[in-house]
Amino acid sequence: MLSKKMKICRPSLVLIYLWYLVDCTSFSMNSVTCLRLMQLLLAKYYQIPIDLVGEKLSIVSASSCLLQYLVALVVVPFYSTIIKKLTPWFTVFTTWVGEEYFFFASTLSILYMDDFPTCAYFVIFSISFLLGISGTGPSLNASYKSLCKLYSYENSFIVVLNSIFVVSSCIGPFLGSILLLRVSLLQLYLISWTIHFINFVFHSLLAVFFSSKYTSYAQKEGQPILNATENLEVEYNALNTTPSSFEEQPLLNGLNDSPRNPVSRTNAEGFKALNASFDGSYKFPIPIVLLCFFLYSLLTPFFDIHLQFQLIVMHMSIVQVGFINSVKTFGSLLTCSVCLFLTYVGGFSVHMMKTTMLIGLTATTLIIFILYFATAQTLPCLALFYGITSSIGPSIHGLVAAYVPNDKPHRYWKFTALLEASATFISYPFQSLAFIVCLKYCSFYFFIGPICICLLGSISSYLLLGYH
């Protein structure tokens, strides 16, 4: 059991939550405006009107996302080793450095767009490369899950972090759209850059301070921080050793070591049966959970590419697209608020997570089909419902954290990071290709893939619901 001093020296949950909220909010303020910046850069590069860069924008944005997650997939083993042998905070720091380069390169490209129009591809792909190599995405998610185990936080830590990401994804684009009505694109980048930098300098240094103090107390007391399960197993075996076995041991005259000893044979068979039943009920759902996690990661890029659908196919303005994105994330905020409330009162159980995931994926299948018939008037309402139903991130990440064994968590964090990066790496090019095909032929081709993914996810969630 962790000592009282060690518990006091753990990084404050409020500190981590506040830092993560401000960090994600400042970065997501440019989630839609970066599409406008890419449009401007490509229009300058090809010397064509901005309305004619639609197909080039979809190809470049898909290629940049593909590059980012390809690099993120390659560096997963490196960051997994760092997380295991050094500290999870290293990935948090490198991710911040990658985001800082995003702000730096974007600001310079706006300032010198007319002087260096040929640098469009360098700016776009260098940002994608450095965001990927810095650990943004899969490696960062694995780091937060490792922090949960490192400081003995409960699984609700993962649920709250994923909920905060959705909250910031709602607040950020909404603030960005409002500010863009009053300030220029350059000023918006400078404002978000300043918030992002100051937030890290203040909060993360405090977190590192608490982390070092916690680790020093743990080392002094000889506590294996990441191997607490071994201590629990020792205590479990001690509790399940009956007094009769201790009483009979002197009378057996050393026969306990013999395989013919009925006492030792009975105990061995009993523990073997207990472990077999435990493993069967605990580890068997893990493949289904990981399959649901993979399908959820496949679905993630859909609405990001749908923003391009709104810009190019539906001919909506950047302010309208930003507003619709905010409405979608507001729906996600509603769902995550319910998850946070249930987590706070202790009602967000594993069964509740499974049920939420099943209902969410089933409803999302229907809404994606209806999105094909959406108009400019009905799209905000559909975006709201899509945000409500598709926000199963806290549930799926909570299930992964709940079902992963505690004895060797790094193996599973590495595997889930590889799954997430692989899914996004596969999904982006196929959905982008479907979007390009829909520009030339039929718009419904863009919606077929996400509908099939949601159907498979619904079936997997239904199978998972039958296991404890």
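Going from the start of the chain as shown, residues are counted 1 onward.
Cβ atoms are placed via backbone N, Cα and C, with glycine included.
Packing against the transmembrane segment (13-33) from elsewhere in the chain are residues 96, 99, 102, 106, 147, 153, 157, 160-161, 164-165, 167-169, 171-173, 175-177, 179-180, 185, 188-189, 191-193, 195-196, 199-200, 203-204, 206-207, 210, 307, 318, 321-322, 325: each is 6 or more residues past its ends and has a CB under 8 Å from a CB in it. The transmembrane segment annotation in Swiss-Prot covers 13-33 (among others) and is backed by sequence analysis.
Per Swiss-Prot, transmembrane segment is recorded for 59-79 (among others), and the stated evidence type is sequence analysis.
Taken from Swiss-Prot, the feature transmembrane segment covers 92-112 (among others), and the record attributes it to sequence analysis.
Summarising the annotation, Swiss-Prot assigns transmembrane segment to 116-136 (among others) and lists sequence analysis as the type of evidence.
The feature transmembrane segment is assigned by Swiss-Prot to 158-178 (among others), with sequence analysis given as support. The list of residues near the transmembrane segment (158-178) in space but at least 6 beyond its ends in sequence, with Cβ under 8 angstroms from a Cβ of it, reads 13, 16-17, 20-21, 23-33, 144-145, 148, 188, 192, 319, 322-323, 325-326, 329-330, 332-333, 335-337, 339-340, 343, 348, 391, 393-395, 397-398, 400-401.
If you look up Swiss-Prot, you'll see 190-210 (among others) marked as transmembrane segment, on the strength of sequence analysis.
Here Swiss-Prot flags 285-305 (among others) as transmembrane segment, drawing on sequence analysis.
Annotation source Swiss-Prot lists transmembrane segment at 330-350 (among others), citing sequence analysis.
Marked as transmembrane segment by Swiss-Prot: 356-376 (among others).
Here Swiss-Prot flags 382-402 (among others) as transmembrane segment, drawing on sequence analysis.
Sequence-distant contacts of the transmembrane segment (417-437) (same chain, at least 6 residues past either end, Cβ-Cβ under 8 Å): 55, 58-59, 61-62, 65-66, 69-70, 72-73, 76, 79-80, 137-139, 141-142, 290, 293-295, 297-302, 305, 308-309, 445-446, 448-450. Marked as transmembrane segment by Swiss-Prot on the basis of sequence analysis: 417-437 (among others).
Among residues of the same chain six or more beyond the transmembrane segment (446-466), those with a C-beta under 8 A of the stretch's C-beta atoms are 285, 288-289, 291-292, 295-296, 298-299, 302, 305, 309, 351, 354-355, 357-358, 361-362, 364-365, 368-369, 371-372, 399, 430-431, 434-435, 437-438. Feature annotation from Swiss-Prot assigns transmembrane segment to 446-466 (among others); the stated evidence is sequence analysis.
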Contact set, same chain, for the transmembrane segment (59-79): CB under 8 Å, 6 or more residues outside the stretch:
35, 38, 42, 90-91, 121, 124-125, 127-129, 131-133, 135-139, 142-143, 301, 305, 308, 414, 417-418, 421-422, 424-425, 428-429, 431-433, 435-436
Same-chain residues near the transmembrane segment (285-305), Cβ under 8 Å, at least 6 residues beyond its ends
58, 61-62, 65, 325, 328, 357, 364, 368, 386, 390, 392-393, 396-397, 399-400, 403-404, 415-416, 419-420, 422-424, 426-428, 431-432, 435, 446, 450, 453-454, 456-457, 460-461, 463-464, 467
Considering only the recorded stretches 92-112, 116-136, 356-376, state which has the highest number of Cβ pairs under 8 Å to the transmembrane segment (382-402).
356-376
